[in-house]
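What Swiss-Prot records for this protein:
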- 38-105: domain 'BTB' (DOMAIN)
- 140-242: domain 'BACK' (DOMAIN)
- 289-336: repeat 'Kelch 1' (REPEAT)
- 337-383: repeat 'Kelch 2' (REPEAT)
- 384-430: repeat 'Kelch 3' (REPEAT)
- 432-477: repeat 'Kelch 4' (REPEAT)
- 479-524: repeat 'Kelch 5' (REPEAT)
- 525-571: repeat 'Kelch 6' (REPEAT)
Amino acid sequence: MVEDGAEELEDLVHFSVSELPSRGYGVMEEIRRQGKLCDVTLKIGDHKFSAHRIVLAASIPYFHAMFTNDMMECKQDEIVMQGMDPSALEALINFAYNGNLAIDQQNVQSLLMGASFLQLQSIKDACCTFLRERLHPKNCLGVRQFAETMMCAVLYDAANSFIHQHFVEVSLSEEFLALPLEDVLELVSRDELNVKSEEQVFEAALAWVRYDREQRGPCLPELLSNIRLPLCRPQFLSDRVQQDDLVRCCHKCRDLVDEAKDYHLMPERRPHLPAFRTRPRCCTSIAGLIYAVGGLNSAGDSLNVVEVFDPIANRWEKCHPMTTARSRVGVAVVNGLLYAIGGYDGQLRLSTVEAYNPETDTWTRVGSMNSKRSAMGTVVLDGQIYVCGGYDGNSSLNSVETYSPETDKWTVVTPMSSNRSAAGVTVFEGRIYVSGGHDGLQIFSSVEHYNHHTATWHPAASMLNKRCRHGAASLGSKMFVCGGYDGSGFLSIAEMYSSVADQWCLIVPMHTRRSRVSLVASCGRLYAVGGYDGQSNLSSVEMYDPETDRWTFMAPMACHEGGVGVGCIPLLTI
């Protein structure tokens, strides 16, 4: 009964001590150290570790399954553990009690192996991050092999990207010289190698052979057949390659040198040479010609116009036009060919595709997509073209298709988790990242990435700003987005993403607001091409230098007014 004037109190009060769970675990850890109330002993070799079943089951999935599913071990006082380092097991038992773990160069691999065995995914991820942050030309090959053994796909792809980016330094390491033939062949054949010229690849291969000349000498013909000798300078072929004693005493090697020299002496025979050996590599750090394809004019008409920009000469030149007018077109480069994919011709969304050969300045129709689409994202991964999302004339799409140049066929793969039109799409560390875009109702800041090994999509950290119709590209160990539209205004702001931190940060904005902008990497820099500033289409181009964090205006396009698709074909380094 409440007296008049007294404050009425609740009949039920909830009392809690938020720190009790963590404090309780600390007390249990102290009890364990005193050897009290322990009900299980883990034995590995000559080492024994006492613990409490309830703590192990609550903290470690492996023991949860063991102790709650009537396995034989659940009734044993002593459990024999196999295939783990004793110090790693002890550290992981301690982690079960206090949530703390010290990772260093000496224990990271044993901890990762132990965490994998005990199904502690968070620790496995932390160990992978530790290794990824410490990749170095002297250890990256070993880290890649370890990641493959432990089925750590993200670490494996990061190590692979690091190897490609730093190939010249990696080729000087003991790890490289100790590689088996099949691994060296796989490396020297990669399109993604960051080399100033094919001559560096030749020197790396020759150093590997000379490291064990007697055993590896017979491997030289196979190695040279996977190196793009025709792209070496004629003087280098004559003075260095042809004069090497290992090459001179091998008939097959001499034939490959002759083929490379013919490439320079008889240009008319180039189409008859093996395409692989005459195809430039496509690392974004080397120089490449930037092609601007299609787009819109000031009247809003779709264009078939194509022009090419030489970033070294800072000059645009007109190329042969496409067979079809295409705006909001996807562009990709594979095997030295430029593909114009889908888009909008002014009346219809397109599924058709055509390929441009810069040597002949001609366009050729190739296989059409399964779905018509414009405003989609287009990238190349492992020699395959991927198109993601877009707009089919009725709605935004989440569907994804991949194209094989070898079979001229398109295949539907796992769709994105969200419908996205006008998203930014780029390949980064062996994954396809899709950022922002819209679904017709809302504009996104969210990001997801595709693992082509498992055909699965996964979320990544969202951008700081929602945006669609923006540019996206990767360069070195970072991914970038710039410009776009956020629903209320046209953007000049740009962001940079680090996968190690899984977070975005702002970089210096562009000088100009740009929606419908294309972003592409060449010469170790980013080029923002064209766009729309809210009033008019743009022919201007800005170049971003990551070393100075500055944007600089470059020569404007000569034939376009904005909204172009772009692709970069590496320059022949001869």
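Using the three backbone atoms N, Cα and C, a Cβ is placed for every residue, glycine included.
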Which one of these stretches, 384-430, 432-477, 479-524, 525-571, has the most C-beta pairs shorter than 8 Å to the repeat 'Kelch 1' (289-336)?
525-571
May I ask you to check whether the repeat 'Kelch 2' (337-383) and the repeat 'Kelch 6' (525-571) make contact, with contact taken as at least three Cβ pairs under 8 Å and only pairs 6 or more apart in sequence counted?
yes
For the repeat 'Kelch 3' (384-430), how many residues does DSSP put in helix, in strand and in coil?
0 helix, 23 strand, 24 coil
